[in-house]
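S.K.: Shown below is the structure under consideration.
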Amino acid sequence: MLLPWLNEELIEAGCDEAGRGCLAGAVYAAAVILPKDFENELLNDSKQLSEKQRYALREVIERDAVAWAVGIVSPEEIDKINILNASFLAMHRAVDRLKTRPQHLLIDGNRFKKYPDIPHTTVIKGDGKYLSIAAASILAKTYRDDYMNKLHQEFPCYDWEHNKGYPTKKHRAAIAGHGTTPYHRMTFNLLGDGQLELFSK
């Protein structure tokens with residue numbers, strides 16, 4: 001079972017991101033404040049759940065959470081500030097949108113850029129340790145998946161419906177054959193074979 005909180009006395013928000021390693025699309029983050037007595041045996045790291053389970057849990061989280069929000073950073077912004085800073089910014093934007101102000105942030109990972117006036121704790125593999133981070137992981141992933149599925153309708157040859165923008169062979173072959181889209185992150189090694197510089201000339 002995942003832990004319900006780090007500090008029972010504080011209003012805690014769990015934060016996580018999705019899409020950091022993708023070649024295309026925005027990075028998404030979510031922040032979730034759960035009730036102190038929240039329990040759900042299925043809730044776990046979103047990567048270990050089926051797609052059907054993630055979407056079912058999203059409904060539960062949105063219904064039962066004290067507050068939840070999603071933050072988005074565009075591919076253009078990612079290229080300007082780099083993906084690490086973009087991940088932090090997406091989490092900041094999610095926290096900005098929470099209707100209840102948290103007193104403490106639980107961050108998945110080992111690094112974070114401090115949010116103004118709210119202390120934080122980073123937790124390595126936190127989505128497998130704390131309920132609120134696991135909940136944030138599910139919201140970030142499912143909302144980003146919805147977004148990539150919509151982009152797939154516009155550019156079906158990149159197979160975003162299945163790869164969600166991650167660097168699969170089919171995705172990279174489509175980039176080599178069809179070029180890039182406005183949704184590709186141009187500062188990333190899109191072809192993965194050292195040929196990006198030649199490709200972009």
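Glycine residues also receive a Cβ, built from the backbone N, Cα and C atoms like all the rest.
Below, the features straight out of Swiss-Prot:
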BINDING   Asp16, Glu17, Asp108  divalent metal cation binding site
DOMAIN    10-200  domain 'RNase H type-2'
S.K.: Enumerate same-chain residues with a sequence separation of six or more from Asp16 (divalent metal cation binding site) and a Cβ-Cβ distance below 8 A; give 'none' if the list is empty.
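M.R.: Once residues fewer than 6 apart are set aside, Asp16 (divalent metal cation binding site) is near Ala29, Ala30, Met91, Ile107, Asp108, Gly126, Asp127, Ile133, Ala136, Ser137, Ala140.
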S.K.: For divalent metal cation, what surrounds Asp16, Glu17, Asp108 with a Cβ no more than 8 Å from their Cβ centroid?
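M.R.: Checked against the 8 Å cutoff, the neighbours are Cys15, Ala18, Ala29, Ala30, Ser87, Met91, Ile107, Gly109, Gly126, Asp127, Ile133, Ala136, Ser137, Ala140.
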S.K.: According to DSSP, which kind of secondary structure is Asp16 (divalent metal cation binding site) found in, if we only use helix, strand and coil?
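M.R.: Reduced to three states, the DSSP call for Asp16 (divalent metal cation binding site) is strand.
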S.K.: Sequence gap of 6 or more, C-beta under 8 Å: which same-chain residues meet both conditions with respect to Glu17 (divalent metal cation binding site)?
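M.R.: Result: Val27, Tyr28, Ala29, Ser87, Ala90, Met91, Asp108, Ala140.
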S.K.: Pop the mean pLDDT for the domain 'RNase H type-2' (10-200) in here, whole number is fine.
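M.R.: Summarising the domain 'RNase H type-2' (10-200) by its mean pLDDT gives 95.
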